[in-house]
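Here the structure is laid out as structure tokens; the discussion comes afterwards.
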Amino acid sequence: MNSTHHHGMYTSLHLWNRSSHGLHGNASESLGKGHSDGGCYEQLFVSPEVFVTLGVISLLENILVIVAIAKNKNLHSPMYFFICSLAVADMLVSVSNGSETIVITLLNSTDTDAQSFTVNIDNVIDSVICSSLLASICSLLSIAVDRYFTIFYALQYHNIMTVRRVGIIISCIWAACTVSGVLFIIYSDSSAVIICLITMFFTMLVLMASLYVHMFLMARLHIKRIAVLPGTGTIRQGANMKGAITLTILIGVFVVCWAPFFLHLLFYISCPQNPYCVCFMSHFNLYLILIMCNAVIDPLIYALRSQELRKTFKEIICFYPLGGICELPGRY
């Protein structure tokens, strides 16, 4: 087994390794046909320590988000419950990827034949990662629908999005995504699974784009209608628009971090022997790093966009003996 194949194992996902393994074969074929033998065909190596470090950072950040939302009753709203679901999904994707890197590195450093055990561990962790990816997509869609209701059905919103209903939605999301993730890994040898994942990703983008075009085109009209009513409708509507903008940023980061991976899958099933596709697929490990970066960036977005969340973060952090961090100015 050559070194590049060992490096490819750090990416691990059984479903995703399948495309990585195919990459080496296709690269060899391309080289055999006379193409340049530049480093573009070599699988990009990323140190396992990078995966582990990002996994630990993501774990700490997203736990902080979950604890903050649970602790502060002012954050007990549908949007933040969906954000909590997204934080759990982000954390599982990043931590599972880092954990699998550790497991494979340890197994590769031993002389014993642990191939069967490695495959079983891969399947379990890959199921978690796949389920979490689906949950991330569904959570983002749920937040988008929630923002849509707050803007277009502001007066009926609290009757539509009750805490009980939100809890049922989140439970159904995770139940469906868990079953789907397990099935995807079981049938990961089929190209239909990859096509299904790619279709889900791009369908999500189309739905989001359609929703936001309608949302922002009509938002001003609804703001004007709410403004003529007594009370604090204008203030409430402004807060709702801020939430919609926050979601826009989250979706933008999600697309930037996940699109290269889905393009990798798309190229694998559409042009696996094309030298340009092979060159793009040789950076597979980098695309996994981008995925883990998404889990690290999202909590920072929550904090930057929510003063209430920043305040709760500080209260939680100051609970621990972290030196003079509590002496920082109250203003962010």
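Note: Cβ is positioned from N, Cα and C throughout, glycine not excepted.
Since the structure is predicted, the reported quantities are computational estimates derived from the model, not experimental observations.
Lifted from Swiss-Prot, the feature list:
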| type | residues | note |
| --- | --- | --- |
| BINDING | Glu100, Asp122, Asp126 | Ca(2+) binding site |
| DISULFID | Cys40-Cys279 | disulfide bond |
| DISULFID | Cys271-Cys277 | disulfide bond |
| CARBOHYD | Asn2 | N-linked glycosylation site |
| CARBOHYD | Asn17 | N-linked glycosylation site |
| CARBOHYD | Asn26 | N-linked glycosylation site |
| LIPID | Cys318 | S-palmitoyl cysteine |
| TOPO_DOM | 1-43 | topological domain 'Extracellular' |
| TOPO_DOM | 70-81 | topological domain 'Cytoplasmic' |
| TOPO_DOM | 107-123 | topological domain 'Extracellular' |
| TOPO_DOM | 146-165 | topological domain 'Cytoplasmic' |
| TOPO_DOM | 187-191 | topological domain 'Extracellular' |
| TOPO_DOM | 216-248 | topological domain 'Cytoplasmic' |
| TOPO_DOM | 272-280 | topological domain 'Extracellular' |
| TOPO_DOM | 305-332 | topological domain 'Cytoplasmic' |
| TRANSMEM | 44-69 | transmembrane segment |
| TRANSMEM | 82-106 | transmembrane segment |
| TRANSMEM | 124-145 | transmembrane segment |
| TRANSMEM | 166-186 | transmembrane segment |
| TRANSMEM | 192-215 | transmembrane segment |
| TRANSMEM | 249-271 | transmembrane segment |
| TRANSMEM | 281-304 | transmembrane segment |
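The structure, with features from Swiss-Prot marked on it.
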residue : record               : CB count, 10 Å
Glu100  : Ca(2+) binding site  : 26
Asp122  : Ca(2+) binding site  : 20
Asp126  : Ca(2+) binding site  : 24
Cys271  : disulfide bond       : 15
Cys277  : disulfide bond       : 20
Cys279  : disulfide bond       : 19
Cys318  : S-palmitoyl cysteine : 13
Cα-to-Cα gap, Asp122 (Ca(2+) binding site) vs Cys279 (disulfide bond), nearest whole Å:
26
Nearest of the recorded positions (Glu100, Asp126, Cys318) to Cys277 (disulfide bond), judged by Cα-Cα distance:
Asp126
Long-range Cβ neighbours of the transmembrane segment (249-271) (under 8 Å; 6 or more residues past either end):
16, 19, 22-23, 86, 136, 140, 143-144, 191, 194-195, 197-198, 201-202, 205, 208, 277, 280-281, 283-284, 286-288, 290-291, 293-294, 297-298, 301, 305
Do you know the DSSP helix, strand and coil residue counts for the topological domain 'Extracellular' (187-191)?
1 helix, 0 strand, 4 coil
The transmembrane segment (124-145): which same-chain residues, six or more beyond its ends, come within Cβ distance under 8 Å?
12-16, 79, 82-83, 85-86, 88-90, 92-93, 96-97, 99-100, 103, 169-170, 173-174, 176-178, 180-182, 184-185, 188, 197, 200-201, 204, 207-208, 211-212, 247, 250-251, 254
For Cys271 (disulfide bond), which of the recorded positions Glu100, Asp126, Cys279, Cys318 has the nearest Cα in space?
Cys279
Quick one: find which recorded stretch in 44-69, 166-186, 192-215 has the most Cβ pairs under 8 Å with the transmembrane segment (281-304).
44-69
DSSP-assigned states of the topological domain 'Cytoplasmic' (146-165) in counts, ordered helix, strand, coil:
14 helix, 0 strand, 6 coil
Tell me the Cα distance separating Cys279 (disulfide bond) from Asp126 (Ca(2+) binding site), rounded to the nearest angstrom.
25
Helix, strand or coil for Cys318 (S-palmitoyl cysteine)? Use DSSP.
coil
Taking just the CA atoms, what is the gap between Cys279 (disulfide bond) and Glu100 (Ca(2+) binding site) in Å?
25
Quick one: Cα separation, the residue listed as 'S-palmitoyl cysteine' versus Glu100 (Ca(2+) binding site), in Å?
33
Taking a Cβ cut-off under 8 Å, which residues six or more beyond the ends of the topological domain 'Cytoplasmic' (70-81) line up next to it in the same chain?
143, 146-147, 150, 161, 163, 166-167, 170, 243, 308-309, 311-312, 315-316
Reduced to three states, what secondary structure does DSSP give Cys271 (disulfide bond)?
coil
